[in-house]
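Step one of this worksheet: look at the structure below.
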Amino acid sequence: MGAAAAEAPLRLPAAPPLAFCCYTSVLLLFAFSLPGSRASNQPPGGGGGSGGDCPGGKGKSINCSELNVRESDVRVCDESSCKYGGVCKEDGDGLKCACQFQCHTNYIPVCGSNGDTYQNECFLRRAACKHQKEITVIARGPCYSDNGSGSGEGEEEGSGAEVHRKHSKCGPCKYKAECDEDAENVGCVCNIDCSGYSFNPVCASDGSSYNNPCFVREASCIKQEQIDIRHLGHCTDTDDTSLLGKKDDGLQYRPDVKDASDQREDVYIGNHMPCPENLNGYCIHGKCEFIYSTQKASCRCESGYTGQHCEKTDFSILYVVPSRQKLTHVLIAAIIGAVQIAIIVAIVMCITRKCPKNNRGRRQKQNLGHFTSDTSSRMV
């Protein structure tokens with residue numbers, strides 16, 4: 001019985017019926033002959049050829065090649081689509097309009113035809129190129145006669161008169177302040193949040209000490225006046241003394257806009273200039289700077305020094321307290337570093353433990369070989 005079963009031929013599975021194969025082939029042919037499958041196999045735009053017709057709606061048809069040309073024309077950068085000083089430059093497979101303006105930071109404000117105040121005329125031209133809209137200079141100086149805040153490169157909000165009526169209830173809100181017209185007492189509101197900044201005390205031009213530079217900006221916004229940072233660290237008793245004196249009328253000279261007759265390029269509000277030669281050596285470990293808006297000199301101390309003349313050593317700079325956001329990154333980096341160190345230590349320990357075992361095994365084998373040779377010689 002076992003031999004007969006072993007010699008029995010293997011039986012292959014029965015072939016599918018002929019009718020099943022015919023039905024399957026018919027269904028496949030019918031599926032490929034549907035209009036949807038034909039449309040999916042054709043290239044976009046229909047026709048399949050370069051000169052085919054594309055449906056144009058309402059029974060009309062247009063040439064697909066003409067449609068492709070029209071679509072490509074939209075992406076062409078030329079003089080009509082890149083005006084006001086723009087230059088067409090290659091950007092990957094296409095062209096884009098680039099506004100390459102190297103504007104200086106001198107504060108020579110101008111009022112644009114869109115009602116925005118720009119830092120200087122170069123920023124105005126750059127805004128016109130960026131938005132591809134004509135913006136002209138309608139007045140030298142800010143758009144407000146009382147020196148509104150102005151934007152370095154603001155958005156278009158209509159004409160200057162419309163902007164003036166829009167903020168007429170609050171007046172000009174400077175130093176990132178916003179007008180709150182819905183409040184009972186309409187005025188400028190400051191929404192500067194300094195909660196996420198670390199402790200880094202500074203001395204400001206108003207003679208007050210602040211926990212960090214963000215609070216200086218907040219105070220400038222609340223008081224609506226220019227407040228600059230003199231130096232790092234707390235203010236001292238001599239920080240309120242003006243080095244260059246005052247004008248003849250006894251009032252501190254705080255110009256808001258550069259005089260047209262003054263042609264010096266380094267005269268602008270809110271920036272620092274090098275100190276005159278008579279103040280050489282004023283800063284011991286730092287750089288002397290003259291604040292034109294306050295007519296006072298200040299020192300920008302080097303790292304590790306503080307004081308009015310940068311004569312004191314600041315040991316607090318060695319202990320930097322990171323902010324909340326940076327603290328999480330520091331913790332993650334510390335954990336990753338600890339894991340890497342642990343892996344390296346584990347690998348080194350495994351290698352150092354494995355090597356002595358191998359040496360011991362080799363020594364035992366050598367000793368065993370000597371022992372067998374000695375015993376064999378004795379037996380002989």
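Residue 1 is the first one shown; counting continues down the chain.
Backbone N, Cα and C atoms are what each Cβ position is placed from, and that goes for glycine too.
The following features are taken from Swiss-Prot:
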type	residues	note
SIGNAL	1-39	signal peptide
TOPO_DOM	40-330	topological domain 'Extracellular'
DOMAIN	98-145	domain 'Kazal-like 1'
DISULFID	Cys99-Cys129	disulfide bond
DISULFID	Cys103-Cys122	disulfide bond
DISULFID	Cys111-Cys143	disulfide bond
DOMAIN	189-237	domain 'Kazal-like 2'
DISULFID	Cys190-Cys221	disulfide bond
DISULFID	Cys194-Cys214	disulfide bond
DISULFID	Cys203-Cys235	disulfide bond
DOMAIN	271-311	domain 'EGF-like'
DISULFID	Cys275-Cys288	disulfide bond
DISULFID	Cys283-Cys299	disulfide bond
DISULFID	Cys301-Cys310	disulfide bond
REGION	359-380	region 'Disordered'
Checklist line | Candidate with sparsest Cβ neighbourhood (10 Å radius) among Cys203, Cys235, the listed disulfide-bonded residues | finding: Cys235
Note to self: Restricting to the chain of Cys283 (disulfide bond) and a gap of 6 or more, list residues whose Cβ falls under 8 Å of its Cβ, or answer none.
What the structure shows: Cys299, Arg300, Cys301, His309, Cys310
Check: Whole-number Å distance between the CA of Cys190 (disulfide bond) and the CA of Cys111 (disulfide bond)?
Finding: 24
Margin query: So if I draw a 10 Å sphere around the Cβ of Cys99 (disulfide bond), how many other Cβ atoms end up inside it?
Written below: 17
Notebook entry, point to check: Cys103 (disulfide bond): which of the disulfide-bonded residues Cys111, Cys203, Cys288 is the nearest Cα neighbour?
Noted result: Cys111
Notebook entry, point to check: Of all the disulfide-bonded residues here, Cys194, Cys214, Cys288, Cys310, which one's CB has the most other CB atoms within 10 A?
Noted result: Cys310
Next item on the list: Drop a 10 Å sphere on every Cβ of the disulfide-bonded residues Cys143, Cys275 and tell me which sphere holds the fewest other Cβ atoms.
Entry: Cys275
Next item on the list: Please work out which residue of Cys122, Cys301 has the most C-beta neighbours within 10 angstroms of its C-beta, and give that one of the disulfide-bonded residues.
Entry: Cys301
Next item on the list: Work through the disulfide-bonded residues one by one (Cys143, Cys194, Cys214, Cys221) and name whichever has its CA nearest to the CA of Cys203 (disulfide bond).
Entry: Cys214
Margin query: Tell me the Cα distance separating Cys214 (disulfide bond) from Cys111 (disulfide bond), rounded to the nearest angstrom.
Written below: 29
Next item on the list: Work through the disulfide-bonded residues one by one (Cys122, Cys129, Cys214, Cys221, Cys288) and name whichever has its CA nearest to the CA of Cys143 (disulfide bond).
Entry: Cys122
